[in-house]
Amino acid sequence: MQRVTVIKLFAVLVVCCSCLVRWAEAELVLPFHHKFSQKAKEEHYVRGLGSWPFPDPGTVDFRKLLHQHDLARHGRMLATTPQNSYTFLDGNLTFSLFGGLYYTFIDVGTPGVPFLVGLDTGSDLFWLPCECESCAPATAPIYQDYGIDKPFKRYAPLNSTTSKTISCSSDQCNQLLSQCLPNEQAQECRYEANYASVNTSTSGKLVEDVVHLTPNSGPQTPITVPVVIGCGQVQTGSFLDGGVPDGLIGLGLQDFSVPASLAKTGLMADSFSMCLGPDFTGRVVFGDLGGKSLTKTRLLKPSNPRVYDTYYVKIESVKVGDEVIAVGEAALFDTGTSYTYLNSSLYQEFISSFENQTTNYKRFAPGTTDPWELCYHTSNTTVVVPNIDFVFGGSASMSIRFPFEALQYVNRTLAGFCLAVFESNVNIIGANFMVGQNIVFNRGARTLGFEESDCYSTVTDAGSSPVVQSPLPSSANAPASTPSIPSPPSDSAPIPAGLSSDAATSSLSLIALLSLGLVHFLV
């Protein structure tokens, strides 16, 4: 039985206003950290921005905040060739927000204007606030809270020489979005996109414009890529709270999404990955096909064409220690959901199996460790717990490396640990079950893959994108400056450890959970 190596990762990743960008093998790499993380809090105080506006990580209020975010997000459901490598011209930095938890900078139009936009695997449209009739306040405090000294933007198609109106007769006027009537083919394509959170939507008109990319090596000649953009004139619901004041990039499966537009250029594969590291750090990579160690499962295709097509997979079984729970149900992979949710029958079998195999520790009385149901007393810094593996379609097995949170009393003494999962009426594999994994959303092949990763080492065995010579013109009016690109860490950097597997049980370091901020305080 192995012990756990404890490492801190976020210091490698996060800077303030200059954003880290790295490319490898025709891939776009976007590092991120979580809006509510300890790192974000430290930056907040360093910049003298006043009191921290969110609860401290690990507190009851912090867990409630994340849980409330999940409930809002799923309200209706829950009751690599270097010469061909490109990056966003203005750099990027990501934080937590409504709908996608992470956002990044992207330059749009000619001349290029930078926007701070959300990354959302649960939707498809790329939209920006534009010609606003009802938008989030331009003075919302999120930028200042996180050291971003830029005002909120409003996209102005008339100010961009590359902007083109999309008419109702255009193939780009997608039927999933279009509000066009049969007798309006010559009119501009109106759209409305609704989101899972109740009464939350964006509506306006569709336009085509360019986003700016720059090579990672060789001559630094920027290029532009045309994409479909929603000129969001009216926002409702949660979008008015400032969560995505600069817009949202949908990373879903529809052919009008940004990944689809990038793939159509031939610059990179129709695939992207999100690698979630501990303490809410990691990266997003466009064009990533995964490495040789990638385990893949097929995405489920809805039999009913009216059912939204997104990143659903089949759970064949769940292995808890030496017990196998047969499942045969669908689950949504969603990086925008903080925790994992299991439907009632699977949830009950799951926690029952874990409890039956965790006999060395006394369970906390029900109701004393909210929001978690299954928590155990211990003052030991290392405990032995059952391994947890989810087996998806095609016998694709993914080890869950950080499914727990440490428990502390308010005086900071160790109290125990909890299994961090919620009961629901649907299955959602949330971000906490993806930590330590590089999740590859291969849209072209309709597969979802995963491989253990530290999220920072260069992937030397990654599948390269099929690349053709780009027909796209250079951008003469693109911004002149590009972000500095640091040297990546060595390939030999250690993988973050939380659970070290040995047969049916693992040695879990509670100190590792504490150091990574995976902690819940008892009151």
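Cβ atoms are placed via backbone N, Cα and C, with glycine included.
TrEMBL does not curate its annotations; it predicts them automatically.
Other C-beta atoms found within 10 angstroms of the C-beta of Asp120 (active site) number 28, with every protein chain shown included. Summarising the annotation, TrEMBL assigns active site to Asp120 (among others).
Summarising the annotation, TrEMBL assigns active site to Asp334 (among others). Counting every protein chain shown, 26 other Cβ atoms lie within 10 Å of the Cβ of Asp334 (active site).
Under the heading compositional bias 'Low complexity', TrEMBL lists 466-484.
Annotation source TrEMBL lists domain 'Peptidase A1' at 102-451.
TrEMBL lists 466-496 with the feature region 'Disordered'.
TrEMBL lists 1-26 with the feature signal peptide.
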Structural state of Asp120 (active site), classified by DSSP into three states: strand
Cα separation, Asp334 (active site) to Asp120 (active site) (Å, whole number): 9
For the domain 'Peptidase A1' (102-451), mean pLDDT (0 to 100): 85
